[in-house]
Amino acid sequence: MAILNVYSALVVLFLTCWAAMATKENDHIIKKNNCETKMGLPCVLESFTSIFETGTISNKCCGELVSLGKVCHSGLVKRTLENPLFKNLSPATIIAKRIQTWNNFLALINSPSLSA
């Protein structure tokens, strides 16, 4: 029984350390790329609503998000998921929405109707 308790404690310790390392890695990526300064607040809110809730995003904000870059986009979404306020959200669902949103933005930016 004592071995099971030690094993359980080691698993919890490992998971805690892994989560802390992932948070530090996301913060490093965000700071290194100046991710927090590349978008205006209205576009940040539109993007957030589009990914974490149900909403649409304007062409202007779509362009800002694409110019932000995929690394920043992914890092900011992952950091938001690490926030305890969003612990009830399904990470798999949010990551799927992040990928779908990114691909939709790229398609919109590259569409001939926008460049005309």
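A Cβ is built for glycine as well, from the same backbone N, Cα and C atoms used for every other residue.
Per TrEMBL, domain 'Prolamin-like' is recorded for 34-102. Taken from TrEMBL, the feature signal peptide applies to 1-22.
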The domain 'Prolamin-like' (34-102) - residue tally per DSSP class, helix then strand then coil: 53 helix, 0 strand, 16 coil
Model confidence over the domain 'Prolamin-like' (34-102), averaged pLDDT: 86
